[in-house]
Structure formats: structure tokens, C-alpha cells
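K.L.:
So that we are looking at the same thing, I have put the structure below in C-alpha cells.
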Amino acid sequence: MKIYNTLSGKLEEFVPLENDKVKMYVCGITPQSEPHIGHAMSYINFDVIRRYLTYKGYRVKYIQNFTDIDDKIIAKANAQGIEPSTLAERNIGVFLDAMAALNITPADYYPRATQEVPKIIEIVSGLIDKGYAYAVDGSVYLRVQKVDGYGKLSHRTLEQMMAGARVEIDEEKEYPMDFALWKATKPGEPSWESPWGLGRPGWHIECSAMSLRYLGEQIDIHGGGQDLIFPHHENEIAQSECFSGVKPFVKYWLHNGLLKLGEEKMSKSLGNLVTIKEALSRYSADALRIFVLSSSYRNPLTYSEEALEAAEKGAERLRQTAARKDNPQFKETTVDTKAYRERFTQYMDNDFNTSAALATIFDLSRELNRIEGEAGKSTDGQKLFKELADILGLSLIVAESKTGTDVAPFIELLIELRKDLRVAKQYQLADKIRTSLDTAGILLEDSAGGTVWKVKK
């Protein structure tokens, strides 16, 4: 299996640090507001990567943090007249609900930055002791010029970073690119006791502390959006390797592309967000997954209603295949499941090519539909179809009532009753079942292989 490593800039054979164990850390959200579909894109991609590694037999330990203290959270909370912790916890709850609705596997741990302050202070103190950091007026900064290989992830020198960034002049700093590990307290901000006085953690140190605590000094995979490569992930490497003395801090760096709305990145700062809640009110979770997985995780993706509508139609086709019931009267037909499985794994082994893997599932769906249309069935083919769909996190649940009850068994019962009525030549009653279901939004389609149903959009 080969994966693209941002650190080397090329495809590399995936070899975990420890046999069949994979330690995976993915940067979580800053819960300043409701999660948007840019978040959905990122976490769907890393969920599928995790699912596939598990399918391959690896034991994956997956950590995803919450940056629950930050300048923007403080500003928004102050504007609303509430505590930053209240705002953060409220949005964390919304986020976790959204992840469940998208069928994203929960992380093994969701550490919060505010709960890791003792570990953060330990690391900052260690960096000062080793000469990599310095304290001034209650704040602590990292000396980037002392960091061996600083810029190796973003593939830039300090001079290029200086030229390409707006660096605020700060008389506290020894060098303009030095970054804060600990920030001195300001009036109205949450703060913690530290050897340097009251203050709070800097952004970058939080992820180093959480990955070190839950995964150790070295991890296999670190993921996040491409907008985090610099400065966040670059600074994570600097802090972690300087503190532990162990290199590399991360063996494989994986970064997903960003979601665009037209030509612009979708982001809070641009105010062009579509929340996950809004998207799920119009489209199914399967449609959102198909939309995301139809492109490489490394590529940018452009949001459009047309693309989501096409994904919903594709999801509906797959749901009908998944909902098919075994008919004992149909002839068992052979499907080359080995070839389909090999195709799927070949694509996924090539840097998680979900687009081609998804196409394989659609091809299998078409073959199963053709077989049923000829009054046949493939038990093995149907089983593989559901297995591969599950690796991509497609639930393919056909329909639910507003109360959350699965209505599929009731619809199947009505279809069976309609079939019996037609055999008994009670066509008026049979037609009444069809029209009643149609009114309820359920469309019946009759064929030589039997009757299938789908939810009308």
C-alpha cells in the first residue's frame, strides 16, 4: 500500500512503526461555531482512511482533538455574553451529532486543549530548559532559528516564510518568526497558573501535547487540511522533536484538499459557509459521502447543488441494491467477487483512490441489478457489495420515518400484499397500495425480477 507523504512530497510504501498497530492523529475543530461541510469533507476522508486500514488488519488508535480555547472563541463568547467554555461545549455537542449523522466512526479519544494544560506546561518548561524557548513578560516563544530542519514540511526556508507571510512586529520576540508556546493573560480571558505567571496555551503546542500524551513520541499518521501545513503542522514538528529528541515525530503526513464555493475556499472568515446541518436537511449522509469520495482526498472540491443532486441519485441507486431481499425462487448466479475485491483494494492501496473504489461499487451494483432483472441473484455478490460500501462508510439505509423508525419492513410487507392481491386478480386494491405509497413518497418499480421501491426526491 502506497500513500502520499507531504513530508517527502512523494508516494511511499506504508510501513507502520510497530507491526500491525497504527497511531493516527487528526487535527480537530476550533468549536467557535457550527461545523460546516468543509469539516465534513475532511473527516469523511480520514474516516475512510481509518476504515480501510482497519479492513487491512491494522489496529488503529485514532485521536482527534478539540481546540476549545483560542482568540476567536474568546471574542465570540464575549460578544454573546457567555463563558468561552460554554460556547465551545455547545458547538462540540453539535459537531459530535453531525459526525454521527454522517456515519463517521468516533475517535478513540477527543482530548480538549483546556484539559491538557499540565502536559502543555511540562513541554514548554522542557523546551526552555533545552534552550529552544524563552520567556518574556509572561509569554513563552520558540526559537525557530535553533530548530534543525525548520520548514521541512512546507518545503520553505525561513527567508521564504518571511517573504510570504505578514509577520507582526513584536518587540518581545528575538526573531520575527518565533511563535508563542504560552501567552500571557489579558483582561477578560481564561487563564491558568504557570511558572511564567497567569496565561493560556498557544495554538500549536496544544496538538503536540495531546499527541504526545495519547500516542507517544512518534506516530504513524498525522492528518489535517492543507491549510494547516504551515504554520500549524510545521510548528508541531518543531516543538515535538525539540522536546522529545525523537525524529521523526510523524512518519506520514496526510493532508486533504479544501472545499471551495465557486473560486473561494469555504471558511468562517469568508462567511460563505454551508453548515453540515443545512446540507443534511437537503441531502442524505450517503450523498455527502459520495460527493466527497468521488475525488481524491488530496484534491480541492467545489461545492455545488448540481454535484450534490447527482450524488444523491447515485446514493439512491446503491440503496436499492442494498435493500434487495433474497428471493428463494430466483436462480443463484455467479459473480466474480474476487475480481471486484481485487479491483477495490488495488485502488485503495494506491493512496486511497476512493473515486475508483466507488466506481467499482457502482459496477458491482449494476451487475447485481442486471442479474435480478433476469430473475437471478448472487448471495456472495450482495454480501461483498455491502462489505465494500461499509468500508467507504455508506450506510445505504433506504428510508426512515420522521420518528427514526425503519420503515423498510413495512413497505416490503405492503409490496408482498400487493403481489398476493394481483395474483388474486384484486387489481383495484393492489393499485390502491401503489397510489398510497406514491402519495407517501415511495415509488414502486415492477420488472421481470420483481418489485423494487425507492424514495422519491
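Each Cβ is built from the backbone N, Cα and C atoms, and glycine gets one as well.
Taken from Swiss-Prot, the feature Zn(2+) binding site covers Cys27, Cys207, His232, Glu236. Look at Swiss-Prot and you will find Lys268 tagged as ATP binding site. If you look up Swiss-Prot, you'll see 29-39 marked as motif ''HIGH' region'. Here Swiss-Prot flags 265-269 as motif ''KMSKS' region'.
Show me how these features fit into the structure around them.
P.N.:
Under a cutoff of 8 A between CB atoms, and with a sequence separation of 6+ in the same chain, the neighbours of Cys207 (Zn(2+) binding site) are Tyr25, Cys27, Asn65, His232, Glu236.
Per-class residue totals from DSSP over the motif ''HIGH' region' (29-39), listed helix then strand then coil: 3 helix, 1 strand, 7 coil.
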K.L.:
What does DSSP call Cys207 (Zn(2+) binding site) in the simple three-state scheme?
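P.N.:
It is helical.
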K.L.:
Count the Cβ atoms, other than its own, that fall within 10 Å of the Cβ of Cys27 (Zn(2+) binding site), considering every protein chain shown.
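P.N.:
A count of 22.
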K.L.:
With every protein chain in view, how many other Cβ atoms are within 10 Å of the Cβ of Glu236 (Zn(2+) binding site)?
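P.N.:
Other Cβ atoms found within 10 Å: 26.
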K.L.:
Which number gives the other C-beta atoms within 10 angstroms of the C-beta of His232 (Zn(2+) binding site), all protein chains shown included?
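P.N.:
The answer is 19 other Cβ atoms.
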